[in-house]
Amino acid sequence: MSTLPERVRERRPLVHAITNCVTMEWVARGLLAAGARPVMARDAAEAPVVAAAADALVLNLGTWSPGLQQAMLEAGQVAARRGIPVVLDPVGAGGTETRTRAALELLERVRVTAVRGNAGEILALAGRDGLVRGVDGPDGRPGPQTERAARAVARRFGCLVAVTGATDLVTDGRRTLAVRAGHPLMSQVPGTGCLATALVAAALAAGTGAGPAGRDRPMEDVDVVAEALLWAGWAGEQAASAASGPGTFAAAFLDRLALRGPLPPGRIAPPLSERLSLYVLVSGATPPDVLEAVLQAGCRMIQFREKRLPLPAQLEAAARVREACRRHGALLVVNDRVDLALAVGADGVHLGQEDLPVAAARRILGPDAVIGATCETAGEARAARDAGADYIGAGPVYVTPSKPDAGEPYGPDVVRRVSEAADLPVVGIGGIGPGRAAPVIAAGAAGVAVISAVLGAPDPGAAARAILDEVRRAKGEVSA
């Protein structure tokens, strides 16, 4: 199977970019470096003619005007009739009502294939309050609110949605992928976002290639968009290593886009919010065949919690769990013990309010570790977020036989309380089993944490599948 950069260079798609005049030259140079052929016709009389010959169309609102809107509408309708990819960059949506209306009009009147924007722009398209700061928008990883907004836009308009930031998200409304690539210098060069949009268009025009995206699933457009963003981000990382500042970075970035070779592996994966859908807590006493059944059922988040065994036995048991998780592509976090997590090579830790502070764990484990925090109040949730937590465990939601000293249950409101206070994925825990997961998801949870409902079931694999199916239906990832 050829790589995405190779496919673009082999097929040399003609990309018609109706982009903003501030970044037009940069976008054209970037497309040429990537192996595509740019054409930048913006006039309302000319744009439909060019779109009739193009392999892909980019609609960018950066320097919007009524005349440019008309050109985009007419070119977009020609492109839609021809069935070529149309990629919208809703620059400034949410910043002014005019831009938001313009972006929505294009989505309603043109068959848009993909939208690429920052978190504030995507929130605005979903009808929610966002934050737009110039052309770059808010920093950081898209939180659950942004992810939900992206899925809503994708479902409403039948398109792909890409949210770019420190971590990029791509969704078709059901499948969602997270892309880890890029460098802070990219935000200091005007037009890197515009160029990323154009690369998405070129990638979609070049097609999906002949090979599989996974062991049992063919490549889809959502994979192609994720690869295009990885291409841009990887070029940015490589350019930064050779640059002394924004000026030299810009030249190095174009050079890196022109390089051939594979993209780095392991940078595209389901986001943490999807892995958290079913979160199972195991111990040293969990039989290996039970753990295997749970993982085969689709669980992709395991917590190892063991307080009774001596430390050497904990280490041995945790290592077995780690190996099982790796075979299935699941994440492993260790309850409380940062030292044990480091020793077995776990993906991270889960910390209670009386454990090592989140900030200290982050310093020890580094920026890529997954760190969860147990929270019951809005204040605890905000503190965990500010300290660097990746997700929150909230509960007890219901009465739980697994932890008799957990106190009175809060009901699903505990999930709503902490998820509204801190825009992090939340896992509800405590007494959750089949038939009880949907209300927790409706309250704002990304998933549910379980122990006895799965591990104590006559058929742990079937119980895990039942709860996971309930969660996915409640999240809208599968049909009810």
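Residue numbers in this text run from 1 along the chain shown.
Backbone N, Cα and C define each Cβ position, glycine as well.
Features reported for this protein in Swiss-Prot:
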{"type": "BINDING", "residues": "Met40, Gly191", "note": "5-(2-hydroxyethyl)-4-methylthiazole binding site"}
{"type": "BINDING", "residues": "Arg116, Thr164", "note": "ATP binding site"}
{"type": "BINDING", "residues": "Gln303, Phe304, Arg305, Glu306, Lys307, Asn335, Thr374, Lys403", "note": "4-amino-2-methyl-5-(diphosphooxymethyl)pyrimidine binding site"}
{"type": "BINDING", "residues": "Asp336, Asp355", "note": "Mg(2+) binding site"}
{"type": "REGION", "residues": "1-287", "note": "region 'Hydroxyethylthiazole kinase'"}
{"type": "REGION", "residues": "288-480", "note": "region 'Thiamine-phosphate synthase'"}
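Ranking the binding-site residues Arg116, Arg305, Lys307 by the number of CB atoms within 10 A of their own CB puts Arg116 at the top. Taking the Cβ of Asp336 (Mg(2+) binding site) as reference, residues of its chain lying under 8 Å away and at least six apart in sequence are, in sequence order, Arg305, Val349, His350, Leu351, Gly352, Asp355, Leu356.
For Gly191 (5-(2-hydroxyethyl)-4-methylthiazole binding site) paired with Arg116 (ATP binding site), the C-alpha to C-alpha distance reads 13 Å. Of all the binding-site residues given, namely Thr164, Gln303, Thr374, the one with the smallest number of surrounding CB atoms inside 10 A is Thr374. Between the CA atoms of Arg116 (ATP binding site) and Phe304 (4-amino-2-methyl-5-(diphosphooxymethyl)pyrimidine binding site) there is a gap of 38 Å. If you draw a 10 Å sphere around the CB of Asn335 (4-amino-2-methyl-5-(diphosphooxymethyl)pyrimidine binding site), it holds 20 other CB atoms from the protein chains shown. In this structure, Asp355 is the one among the binding-site residues Phe304, Asp355 with the smallest number of other Cβ atoms inside 10 Å of its Cβ. With respect to their backbone Cα atoms, Thr374 (4-amino-2-methyl-5-(diphosphooxymethyl)pyrimidine binding site) and Thr164 (ATP binding site) stand 29 Å from each other.
Look at Asp336 (Mg(2+) binding site): DSSP puts it in coil. The local packing around Gly191 (5-(2-hydroxyethyl)-4-methylthiazole binding site), expressed as other Cβ atoms within 10 Å of its Cβ over all shown chains, amounts to 24. Annotated pair Lys307 (4-amino-2-methyl-5-(diphosphooxymethyl)pyrimidine binding site) and Thr164 (ATP binding site), C-alpha to C-alpha distance, rounded: 41 Å.
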